[in-house]
């Protein structure tokens, strides 16, 4: 047997003594012996190598893999490897061929992985950030990198299917249907009249009007063309719509795949409870930590973490001893503070509503004042997003939640504020485009949308999103240059009590991530109306990466309250999913319900954007039509639905079974430990009584 | 491409690749790092497997280990004589256990060995106290340290013997989501 030579060789090389005196222990504890790496006295130790030797015997999982994962010194591993190699001829030729294939496949995979890592963006930078500032900050930059790649791939998609065919087929191709409709609705004149002052170009660049409006940037420039050749046809409106739909589905799949890996860790480890001292003691030190400053910081982190836990314990004890009166006071305080923060948020929404209305009414002003009015919604949203969380933080202090709960509550409030403020802006725009939903009254009667204010409403919505994106980016840069750099210079060069109390800027991960989610949500809502927005967003995020890196290394000190990096990744993706949901609602509503502008864009002749799909559908061959009808019909979808329910039930059952077996095994471990103690005591008693007898 | 090197025979490199998580290039790079620590001691030519050991005082000067509070314990755990003198085999072994592709079970085993200061294959209160002191470098008062030790053992101890055996440790670590990413030295 292959096992015995190693046992014997290990016995020869190392020696060990037992803690318990009698021989019978030796037999029962035999499996707990191990070749120790130290040649001095040791009590029986856990057998590190035996589980892996077991697998060796079966040989099914490929020996070299086990060899790398065995916790033995290198010399022993090489000896084992030689023994395995000598054993190979005994195995059948088919087995050895399979093993060789598995080995070469593994080598190929590893070299492939090495090749791909060459392409992975910014990996050295991310390592440096992780080493110096910890996992929480690194997860922010990883998230940013994910969004950059997502946006870039989306842009390639859009460019390939919409932009390039539009450019190529601009002159070729015929109109799909000739436009009919009231003359007033078909007016669309994006180009400015008369002499244009030079600085207008700059203003136009910032607000997407003027020379930028009638360009590939916005919906209004794309044409209702269809190219038909001998064996090739390309329907641009259909391509536009289907690309937008596919873009959303693609983003959803990417997010869910990324969530899957993060979720697996979260589910496996369960919800982390507060006060997990052992975890902090054993697993919190980051071995990859580099640099003197970083290690001192890590120590402060751990110290702070332990203190926080100790404090939470004492708070819990205090909370348990509150009298009824104090409890009533505390809960009523919490409720009133909650109402107050809700009131603040609603006030912010009202401000955005009013600002958007005002901006849309006064959008025809020229010059700097006009630019200010154009940007008014963005300004109000940004101001609200800045001021309201600050106030909510102060409110949360009064509420006296446990520290970890405070963070979660503040985060949820900020998410709610950011995403719903964007929703309010969109709602206001909708109200103005469709005359508050009553499409057959007032200004909307003629064209079913407000053609007086909006000759091409899709382009206007696209412009709003473009302005939001640009403004968000400019504000980030402005805060960096005007707030963070001066703050550091003041703190470093003036040392009095005030500056020490204010201190250097802290890199707050949660606020920054919410900024990213907000930016991505704006892109999602605007992608249908401004096809180049993903490209602009890619560039914006790339620049943001470098700017944030610079500010991190020069201006920031790492936060004392660190984020758990694995659970936080999952949380970021969940919030991103909310943003995706908002974008989906907008696109579904615009595609299905609002009448496209008659004066511009590829859908000018259709009653709704969606109606191009049934129209093109009828041009397909009969078999494809029947196949697609079948897929959409009840006789296919109901069995499919039933099947997916069954599969889901299977996985839920599997998960619960695993959970139960884990709990059972844990209980069994406890019992075995107690049994062992009991037996050891019995043995001691017996041996003592034997000694006494003797 | 790697045939020009004369540090190792191909057979040795194959053996290293099979026994660790490194590729050829990484092993050669590690040899360069190992040699940097003691250029007069470590030969360039390893084809006849010389038995050279670098003392721990030189190994802990590596930038990856310099600031680690457990550097002495790490080096002792991976050395064959238990005093910290690492041969090249041990050196490669050490970084292989800490690398990204190393599995959780292996890392757990070595983490347990590192934190077991008195090498009795249990983490008792004294081991934990020394761990905490190294972690917080004296920022906590002795009473706080004692309290944290008691609470940690209380949380993780399954069989009730007031010290942590390997199974207790493994069970506790399996619930820690950051363990794999933290127990990782980038080289």
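Note: Cβ is positioned from N, Cα and C throughout, glycine not excepted.
Since the structure is predicted, the reported quantities are computational estimates derived from the model, not experimental observations.
Taken from TrEMBL, the feature domain 'TMC' covers A:456-565.
Annotated region 'Disordered' per TrEMBL: A:1-69, in sequence order.
Per TrEMBL, the feature transmembrane segment maps to A:142-169 (among others). Here the transmembrane segment (A:142-169) has Cβ contacts under 8 Å with residues 121-122, 126, 216, 222-223, 225, 227, 234, 236, 239-240, 242-243, 246-247, 250-251, 254, 258, 513, 516, 520, 523, 527, 531-532, 534-535, 537-538, 541-542, 544-545, 548, 569, 572 of the same chain, all six or more residues outside its ends.
The feature transmembrane segment is assigned by TrEMBL to A:238-258 (among others). Sequence-distant contacts of the transmembrane segment (A:238-258) (same chain, at least 6 residues past either end, Cβ-Cβ under 8 Å): 146, 150, 153-154, 157-158, 161-162, 165, 222, 524, 527-528, 531, 534, 573, 576-577, 580, 583-584, 587, 591, 602-603, 609-610, 612-613, 616.
Positions annotated as transmembrane segment by TrEMBL: A:265-285 (among others).
Among the features that TrEMBL reports, transmembrane segment is placed at A:328-352 (among others).
Counting only same-chain residues 6+ beyond the ends of the transmembrane segment (A:364-387), those with a CB under 8 A from a CB of the stretch are 200, 203, 206-207, 209, 348, 351-352, 355-356, 358, 414, 417-418, 421-422, 425, 464, 467-468, 471-472, 475, 518. For A:364-387 (among others), the entry in TrEMBL reads transmembrane segment.
Cβ atoms under 8 Å from those of the transmembrane segment (A:407-430) belong to residues 341, 345, 348-349, 352-353, 356-357, 360, 377, 381, 384-385, 388-389, 392-393, 396, 399, 401, 460-461, 464, 468, 510-511, 514, 517-518, 521-522, 525, 561, 575, 578-579, 582, 586, 589, 594 of the same chain, restricted to positions at least 6 beyond its ends. Annotation comment: TrEMBL describes A:407-430 (among others) as transmembrane segment.
A Cβ distance under 8 Å defines the sequence-distant neighbours of the transmembrane segment (A:522-547), meaning residues of its chain 6+ beyond its ends; these are 122, 141, 144-145, 147-148, 151-152, 154-155, 158-159, 162-163, 216-219, 222, 240, 244, 247-248, 251, 422, 426, 458-459, 461-466, 468-470, 472-473, 476-477, 480, 516, 579-580, 582-584, 586-587, 590-591. The transmembrane segment annotation in TrEMBL covers A:522-547 (among others).
Residues or ranges marked as transmembrane segment by TrEMBL: A:568-592 (among others). Panel annotation: around the transmembrane segment (A:568-592), residues 136, 139, 142-143, 241, 244-245, 248, 251-252, 255, 258-259, 262-263, 266, 415, 419, 422-423, 426, 430, 458, 461, 509, 513-514, 517-518, 520-521, 524-525, 527-529, 608-610 of the same chain, lying at least six beyond its termini, place a Cβ under 8 Å from a Cβ of the stretch.
What TrEMBL records for A:636-658 (among others) is transmembrane segment.
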| remark: Secondary structure split (DSSP) over the domain 'TMC' (A:456-565) reads 85 helix, 4 strand, 21 coil
| said: If you average per-residue pLDDT over the domain 'TMC' (A:456-565), what number do you get? | reply: 84
